[in-house]
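Trainee: In case it helps, TrEMBL gives these features for our protein:
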- 6-40: repeat 'PPR' (REPEAT)
- 41-75: repeat 'PPR' (REPEAT)
- 76-110: repeat 'PPR' (REPEAT)
- 111-145: repeat 'PPR' (REPEAT)
- 146-180: repeat 'PPR' (REPEAT)
- 245-279: repeat 'PPR' (REPEAT)
Amino acid sequence: KGVKANVVSFSAIIDGYCKSGQLDCARAVFQKMLEGKCLPNSCVYNALIDGLFRAKNTQEALLLLKEMVDTNVKPDIFTYTIVIKGLLKEGSFDHAYRILDQMVSAGYKADVCVYTPFIHAHCSQGNIKEAQQWVRRMNNEGVLPDVMTYTVLIDGFGSLGSLTQAFNVLKCMMDSKCEPSHFTYAILIKHLLKEKWSMCDGNADGSDLHLNAISLDIAYVWKIVDFETVMQLINAMNKHGCTLSIVTYNTLMRELRKQGRSEEIERLDEYMKQGGIAPDEDITDSAIKCTCKSGMLEEALQVRNV
């Protein structure tokens with residue numbers, strides 16, 4: 001006979017279907033929930049609204065938001081954040097501003113998860129000044145930027161060809177003790193590669209294809225980056241006063257290892273040693289694993305000085 005599903009069970013199932021793109025199944029479970037007189041809560045509505053926005057079913061998502069309010073289920077900050085992100089992704093800035101006003105009127109304070117989508121949306125449109133205004137508004141409200149906020153700003157400046165400004169943002173990021181992620185570094189490398197390719201004939205070396213690929217899949221950056229560009233990143237960081245810690249090198253090594261970039265890892269390891277930077281266990285293990293996978297067993301022994 002089984003145990004009767006409750007709102008928590010229904011919420012988990014609906015969320016799973018929405019995240020896997022099976023919206024028809026999510027709708028069916030939602031309908032079954034209503035028929036069983038199990039009242040949906042904000043978590044259930046949030047999952048469905050998010051799934052609809054992901055599928056670009058904006059009108060249905062907004063109708064569901066209205067239904068949520070009409071049935072006396074109070075939207076929470078997650079609801080507002082989902083709706084704001086969804087509207088901004090389709091370029092509906094005015095509507096997103098209205099939802100933000102509704103959120104504040106409902107007694108919720110905008111946090112970094114609310115502000116960052118506005119910054120990202122303006123950067124995506126090339127409106128970097130507008131994005132900076134949102135950063136100032138954020139700071140005035142006492143909300144600290146997180147790794148994603150800084151990264152989207154870096155990408156925004158990079159997309160406009162303002163790499164100096166992008167590295168200035170990185171400096172602010174590191175000064176505020178916010179550690180850049182592998183995604184942050186990949187964004188910077190992407191723009192360094194684009195700058196390099198723009199100076200040569202793209203069709204001659206397949207650079208046009210690479211440009212399209214890294215625009216669609218940032219992980220592709222680590223597959224194609226050469227050691228010279230990695231060094232360009234490091235030199236630019238040093239030039240802008242960004243202190244490279246062992247964590248920085250760990251991040252670079254780890255992502256290069258994932259793509260089997262043994263030559264780049266070996267050369268970066270050598271650069272660190274020449275600079276008097278002692279590799280830690282993570283870096284050494286990355287170098288060994290990558291060289292072993294590439295069949296370079298002698299080189300792996302040299303890493304450990306065996």
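Placement of Cβ uses the backbone N, Cα and C atoms for every residue, glycine included.
Thinking about packing and proximity, how do these listed features fit into the structure?
Mentor: Counting same-chain residues at least six beyond the ends of the repeat 'PPR' (6-40), those with a Cβ under 8 angstroms from any Cβ of the stretch are 47-48, 50-52, 54-55, 57, 73.
Across the repeat 'PPR' (41-75), mean pLDDT in this model comes to 96.
Long-range contacts of the repeat 'PPR' (76-110) within the same chain, counting only residues at least 6 positions beyond its ends with a Cβ under 8 Å from a Cβ of the stretch, are 42, 45-46, 49-50, 52-53, 56, 58, 61-62, 65, 68, 117-118, 120-121, 125, 141, 143.
With a threshold of 8 Å between CB atoms, the same-chain residues lying at least 6 positions outside the repeat 'PPR' (111-145) that come near it are 77, 80-81, 84-85, 88-89, 91, 93, 96, 100, 103, 152-153, 155-157, 159-160, 162, 173, 176, 178.
Long-range contacts of the repeat 'PPR' (146-180) within the same chain, counting only residues at least 6 positions beyond its ends with a Cβ under 8 Å from a Cβ of the stretch, are 112, 115-116, 119-120, 122-124, 126, 128, 131-132, 135, 138, 187-188, 190-192, 194-195, 236-237, 239-243, 247-248, 251.
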